[in-house]
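Q: My structure is below; once you've seen it, I'll send some questions.
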């Protein structure tokens, strides 16, 4: 079976809707809410005051490459492009921790795109896995806008899925809804453009690289890489339902393997449920965390002789129903006493929730990231309410605690915080308080519209099928049991209409971010995931209903009959970044790139070579991309009398630290953690940067520079 089918539903969340079946089973009905499905007609389209619809660009269609049709299989194209963005002076997205700004880079971030089409090219889908925290609605709208400009109707909202890996170590600043803009400390057009450009470039590469091939589905169980971080919530689900599963996490990995007709490997997509939070909230280096490390290992193995981020083979390790799943498998302990804090509130006797942290299996977070990433890599080798955030949202999780005195499991409000909220933002309505029960509302985001709406009320829900595989594009983070219920409901719907034995994949953090989705039962105890289920206790029921509708439309070949939903807004005049741009300055008598701390003459394998330079703000390099890396490690080849690059800033063995001083002064420290595989010889480290210069009454300019350390020797003993 080689059919490729796509279906998209745009859901307009309206608060007066009710869901009859509150236990998230069967087919619940929705009243007084607009649930419209994607095609050509538009129904119920409403735009918030002060917003503008996505601008329609002039269409300049790129000619379609000729496709060979007489074969059994698919046309397959893969592509990968850099989408790192800023690596300094910007918040890292995920932990919502004040002060966790980027100060350098451990690995680059990539967009990995896969285009799959039927032999005649008539139906095609695009799946893109991106090393970012989540896909914002603004990001998706702009990507679709540029694809339409280049390809016309070939790629659009119906057949393109953008999925974030959910690394918590990527830059923020690419959102338009106010909650996320505040968390990002403003909108960064520099990072937004870098990301959009990288995503579009990866799709363009996949489009150009299309060739006849075959797709294989593999499944396997992954052990030792995850724990449930909210087991108390999981236990609220019916015992009869829990008894059907051997674990409180989903251990199954689904792998889509792609080859050309000659058997040459093209790439793979792997889905596995685990949070990329091996790098904890003390980290300041941009990186792709454990899922990115798994991709790094796989691509390095398949692209031998290439630097990281280069080579034809593309491996994506995509997110799944990871909402309550942690890679910190040693579990939560009080950092001050060492005792377990695996309780309903994730709180310690001394210090409260801020002392409760889960740890991974390694010596430090870098080592834990490698261990968990390698486990994943080895296995792959083979009715809704207006949005609102509850008190436990501010408590954080065992992977990264929140601020102040908030704890998980809070079902009663606090007079102090309620009064402060009412004075600053106004009181939440009785309607939203009743709809969100038992959640005590900390922020009634669905009723806040200044300067723009704080949360989306138009959400795309999308499904694509490739043969016997159905990919459900989830705009948020499903918990373990939520994902299981959705998978079973979609599989049952397909089977009812003759499509039996379908493999249903939960692909998380797609297209727009709506926080978490718990089961109705998990919602009642209001741990972090439930407090972050912004559309209320019946959110999962709504998603199950909508995805069943998509499955039925696909199975009965009636996708074309579905009506088009409302278009989401594309806001203008967003809050600018709160971190200003300032001119870079070098110390007196120095210039940018001068060596402040030189390398030692000799290092042994296993040691760390380190050089410190007079630095500049790395965010300049996201604005002017003259250099594609901040660093290289180079080896001298005597036979050719040339220096050969052996590592760049996408290599796990290198680290780039930026230290911000006063009045535009800064230092850059480059480390090379010399691996056991390093060949003895002469090496050097090079630094590539950009400085911001502004003369009086003239616009700022970004100027490139580069610098080189002294040569040093690496020996084995």
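Cβ atoms here come from the backbone N, Cα and C positions, even for glycine.
Nobody curates TrEMBL annotations by hand; they come from automatic prediction.
Okay, these came from TrEMBL:
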{"type": "ACT_SITE", "residues": "326", "note": "active site, nucleophile"}
{"type": "BINDING", "residues": "166, 275, 477, 516", "note": "Zn(2+) binding site"}
{"type": "COMPBIAS", "residues": "29-54", "note": "compositional bias 'Low complexity'"}
{"type": "DOMAIN", "residues": "74-381", "note": "domain 'Neutral/alkaline non-lysosomal ceramidase N-terminal'"}
{"type": "DOMAIN", "residues": "547-714", "note": "domain 'Neutral/alkaline non-lysosomal ceramidase C-terminal'"}
{"type": "REGION", "residues": "22-57", "note": "region 'Disordered'"}
{"type": "SIGNAL", "residues": "1-17", "note": "signal peptide"}
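Tell me about the surroundings of these features in the structure.
A: Around residue 166 (Zn(2+) binding site), the same-chain residues six or more apart in sequence whose CB sits under 8 Å from its CB are 94, 133, 134, 275, 276, 291, 319, 322, 477, 508, 509, listed in sequence order.
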Q: What is the total of other Cβ atoms whose distance to the Cβ of residue 275 (Zn(2+) binding site) is within 10 Å?
A: 26
Q: Would you pick out, from the recorded positions 326, 477, 516, the residue whose Cβ has the largest number of other Cβ atoms within 10 Å?
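A: Answer by Cβ density within 10 Å: 477.
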Q: Excluding 166, 275, 477, 516 themselves, which residues in that chain have a Cβ inside 8 Å of the centre of the Cβ atoms defining the Zn(2+) site?
A: 319, 322, 323, 476, 508, 509
